[in-house]
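As structure tokens, the structure follows; a few thoughts come after it.
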Amino acid sequence: MSEQPAASRIQVEALGDGFKARAEQWASLLGLPLQLADADFSLQVGEHGLQLQQLGPDAPGPVRVDFVEGGAAHRRLYGGGSGQMIAKAVGIAQGVRPRVLDATAGLGKDAFVLASLGCEMSLIERQPLIGALLEDGLARGADDFEVAPIVARMQLLKGNSIDVMRNWEGEPPQVIYLDPMFPHREKTALVKKEMRLFRPLVGDDPDAPALLAAALALASHRVVVKRPRKAPCIDGPKPSHALDGKSSRYDIYPKKALKP
């Protein structure tokens with residue numbers, strides 16, 4: 001995954017006069033222009049916060065991070081709690097809520113699920129545009145009465161995931177969770193929309209083996225890798241076992257038992 005979307009032309013756009021100052025702030029932070037001829041993407045600032053819009057006649061709708069409404073809220077309320085496969089994969093059990101580093105945070109969906117179940121989460125998203133969407137979503141979540149206690153358990157870190165893990169300071173995370181980009185073939189509208197938008201920006205993860213190696217060196221208890229169900233394991237040490245779902249699976253690399 002490249003950190004800078006070299007092949008894409010990106011502008012920052014205010015969706016109204018009242019958002020110009022904030023748009024200028026994001027443009028300065030990300031080193032992006034406010035107007036760009038023939039832009040491929042527009043990072044838009046408006047009443048719903050920050051959103052990324054692909055431009056062009058066949059472009060999907062905008063993508064934003066929203067922990068208060070929509071899919072995140074539905075999963076928080078009705079998603080199955082600690083019985084969810086991701087909860088089992090990271091080792092959530094009675095009296096066990098591990099400290100988890102999500103080193104491929106993306107839009108923060110999986111990290112939010114784990115935080116809603118009581119895990120203290122650290123998140124790394126190395127693609128600056130996606131990191132900006134995540135930062136904005138966390139800030140808006142902190143303003144919501146019900147969501148604020150959850151996002152308070154989510155700390156966003158900046159930088160290259162591999163470098164951050166190799167140079168980690170302080171107590172290591174008990175569990176490291178990885179979901180590297182892979183050539184997804186799912187047909188759902190949501191996956192198609194997000195993958196169509198993100199793939200030109202982030203590509204796949206050719207350095208997934210180095211990501212796994214850094215995670216295995218840092219995690220104190222286990223590493224969990226989410227993969228499409230029929231995808232090969234990441235090159236390197238083999239997982240001890242896997243939890244299989246309908247469209248994805250979780251490869252488990254245990255180091256030490258998680259105990260209450």
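Cβ from N, Cα, C; glycine included.
According to Swiss-Prot, the S-adenosyl-L-methionine binding site annotation covers Glu125, Arg126, Asp179. The number of other Cβ atoms within 10 Å of the Cβ belonging to Arg126 (S-adenosyl-L-methionine binding site), over all protein chains shown, comes to 21.
Annotated compositional bias 'Basic and acidic residues' per Swiss-Prot: 241-254, in sequence order.
Residues or ranges marked as region 'Disordered' by Swiss-Prot: 234-260. With helix defined as DSSP H, G or I and strand as E or B, the region 'Disordered' (234-260) counts 0 helix, 11 strand, 16 coil.
Its Cβ taken as reference, Asp179 (S-adenosyl-L-methionine binding site) is surrounded by 21 other Cβ atoms within 10 Å in the chains shown. Around Glu125 (S-adenosyl-L-methionine binding site), the C-beta neighbours below 8 angstroms that are at least 6 residues distant in the chain are Thr104, Ala105, Gly106, Gly108, Gly131, Leu134, Leu156.
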